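Engineer: Once you've had a glance at the structure underneath, I'll fire off some questions.
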Amino acid sequence: MKILATETKLGRRVQSGGCAIHCQNCSISQLCIPFTLNQHELDQLDNIIERKKPIQKSQVLFKAGDELTSLYAIRSGTIKSYTISETGEEQITSFHLPGDLVGFDAIMNMQHPSFAQALETAMVCEIPFDILDDLSGKMPKLRQQIMRLMSNEIKSDQEMILLLSKMNAEERLAAFIYNLSQRYSARGFSAREFRLTMTRGDIGNYLGLTVETISRLLGRFQKLGVLSVQGKYITINNMAELIELSGTNKNKIQLII
């Protein structure tokens, strides 16, 4: 899978999808399971992966309570993870980008505790968990990479707890935008110009803020000259000031990619 870039009317580099056959041809493989594997190991991994048809916007990949049968590596698009409370309220827990693996939180009980839903048309690689588990026992590099990815997810959860407990509203949104810019940069896209694939409502839900607060803060950031907003497109004009607004240095939080 190659992540391609297209030019919009606004001249921004936007994520889009194109198909490829093997893991070694995937432009985000360094962020995914294939990283560090040799050719023979890549071939073994390739043999168990099912490259699914496009998942349409709003389509659910799996639901809370579903049995864990596979992990899903995102090839293109964005997927959100969320839970639903007893009162029917949705709580977003993660936004997954290309290179991320979805489904790790189901390993303990072999049952998904959350939902995964596409925020836009997405492509995923389905990796049968039982076969992957067996392969990882035979391939130390594969096992190490899975452990690295799981550790990364745990650290991300810890940073989110710190963000919500230590930061005010302005710092939360600034940290979110900065973290998103770094994640896009790691995937070969511009760190300064990108499209928000999630709604302001989704961002507010994730950060524990209202839609009105998100809109007000985006307006404030624009007035300060930190960033420009045009619809879903964000342009970061002053990265240093954005980092300062995020309070990551003050709170000693290192947001992960």
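Including glycine, each Cβ sits where the backbone N, Cα and C put it.
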Engineer: Kindly point out the range from 140-159, 180-199, 200-219 that Swiss-Prot annotates with DNA-binding region.
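Structural biologist: That would be 200-219, per the DNA-binding region entry in Swiss-Prot.
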Engineer: Among the residue ranges 23-32, 103-112, 113-122, I'd like the one that Swiss-Prot describes as region 'Essential for the oxygen-regulated activity'.
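Structural biologist: Matching range for region 'Essential for the oxygen-regulated activity': 23-32.
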Engineer: Over the domain 'HTH crp-type' (167-240), what does the predicted model average in pLDDT?
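Structural biologist: Mean pLDDT across the domain 'HTH crp-type' (167-240) comes out at 96.
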